[in-house]
Amino acid sequence: MKNSAAIFLTSSLILLLQTLHGVKAGFICVGSSFPTNSSYQKNRDSLFSTLSDKVTTNGGFYNASLDGVHVVGLCRRDYDRQGCINCVEESIRQIKTSCSNRVQSFHCNSDDRERVSCLVRTTDQSTYRILELGPATNDPSPVAIDTFAKNMTLFRQEWEAMVDRTLEAVTIDNSTTVLKYYGALKSEFSEFPNVYMMMQCTPDINSGACKRCLQASVTYFRDQNWGRQGGGICRPSCVFRWEFYPFYGAFANVTRVPAPPRALIPRTEAISITRLKGGIIAIFVVPIVINLLVFIGLIRAYTRIRKSYNGINEAQYDYGGQSKLRFDFRMILTATDDFSFENKIGQGGFGSVYKGKLPGGEEIAVKRLTRGSGQGEIEFRNEVLLLTRLQHRNLVKLLGFCNEGDEEILVYEFVPNSSLDHFIFDEEKRLLLTWDMRARIIEGVARGLVYLHEDSQLRIIHRDLKASNILLDAYMNPKVADFGMARLFNMDQTRAVTRKVVGTFGYMAPEYVRNRTFSVKTDVYSFGVVLLEMITGRSNKNYFEALGLPAYAWKCWVAGEAASIIDHVLSRSRSNEIMRFIHIGLLCVQENVSKRPTMSLVIQWLGSETIAIPLPTVAGFTNASYQAEHEAGTLSLNELSITELSPR
């Protein structure tokens, strides 16, 4: 009776709080601004004029483009037609009011009273069939769970089980409707109020991407909002929300799902049975596993010996089945005018880079690796095996390769504006980089890293992210390049140890320099250095004799003088936004690896000015040993990957 009364009172309180939490709307404006009455605004408004009608007539989702303007609209499945129209038009009105002249905008409109939810996004880059985790809106309930706080452990277990069931319902949905990735479940918990949970993804992405998007939202809620009475997180690719009351009218015809039954075996008995079974299994399994590991070790040792003795026939090596991307050497000679000096656009640690033109007129960039360079062979193979399997607008595209005789050549898309370092560290060219342009470059690099770490079919650690390895296309969009030092991780692998440190000192994380361990957080550190360079307009090399840029920025932050490091050419009217980016950069370059954020979390922070972010702790290499480590690093520059491009 006491439990029933508590549940009734809690449910009543929740219903009273709906008026506080029922209307949920959030908008985010990012990127550069466009002039009033510009062609961009006219094209955007033209798409807006028909968007609500297009969404409803196309089954609840619509993606449209017009001369560089891209618009996406999504409504909840089983939507009411007029409700969807009203929701989309309200989102458009909010964007025009709050993000009137911003190139990129995102509005998530959720109104319980109108029984509808929708999202609208505008951008200058196509996002069709691309998983987009940011920008994101976060809307937790303002009310904390305290009525049954003593049972929070049990509640969390049942809540997690419900998340798993909803995820499964969403990602294996075989619906023939446009809005195929959708799930709304009601779960009746034995000791708590009913829980209502809804998940939805845009239908243009695949089920794996849908699952990753929703898992990211669940993880964020669990890490940042746990203890709140419900809430929602809205991303361009997915929506997640749960409450103690029905919302959107999404649960009228939903089958109730009972909570999984609790174990009937007493805990002590269950443990003893488990231990007994485990002991029996171990007796038989352990010897088998040991013998298997020994056998695998012998096979691997034999393979290494055989390779070192016989060598590798590069002419017959198909590079992971990518032989179809093989270029004829004579074609490359013609394209580059026999590697003429006039076509040379850069010189790297392992070869030269040339501009070329294919017979069809397509411009290409050709990297000709230095003959006899052992490290160059590793770089060559790495790039072929990795880049041919990666596709993202913020990664440089590998068109093909050539390995005839002693030649090892990589052919890339041509990126006309060279690399970032030729702009940000040049006194004159730096003036061209407005804050909006710098912010867009930073966000683009972050998206490229999220793809490498989380969203591609592989998990890749770049290990050599720096300004000279970020190329800029004709529209100054960034493309991460040079994957010669990259390492492939298993999806469940978190860290690795290398025998030799490779990379560029100043961008390498402390744990990598000191202990030779690396992980996704190693790339996060490098990203933080690049971000701080973008804000200051100065290379980390300029700080070598003193502290290093991360440590210098940290000391200024602690002293309350962080604004002093901002590039003087940037507008002071944007100082609040720039200070937030400095804050994020310092979080990325923290000495403590575990405190550095993931790149997906960085994307969320960059895309929203309302999400609270933690205070940074001490930056890497802040202690007195920095100078000694720098001197040790300069002794091994021959082992580092250093590529410098010069425009012609």
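Here the Cβ of each residue, glycine as well, is placed from N, Cα and C on the backbone.
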Report which of ASN151, ASN623 appears in Swiss-Prot with the annotation N-linked glycosylation site.
-> ASN151
Select the most exposed residue of TYR412, TYR512, where exposure means the fewest other Cβ atoms within 10 Å, treating these as the modified residues.
-> TYR412
Tell me, roughly as an integer, the mean pLDDT over the topological domain 'Cytoplasmic' (300-648).
-> 80
Give the helix, strand or coil assignment DSSP yields for TYR512 (phosphotyrosine).
-> helix
Around THR504 (phosphothreonine), how many other CB atoms lie within 10 A of its CB?
-> 25
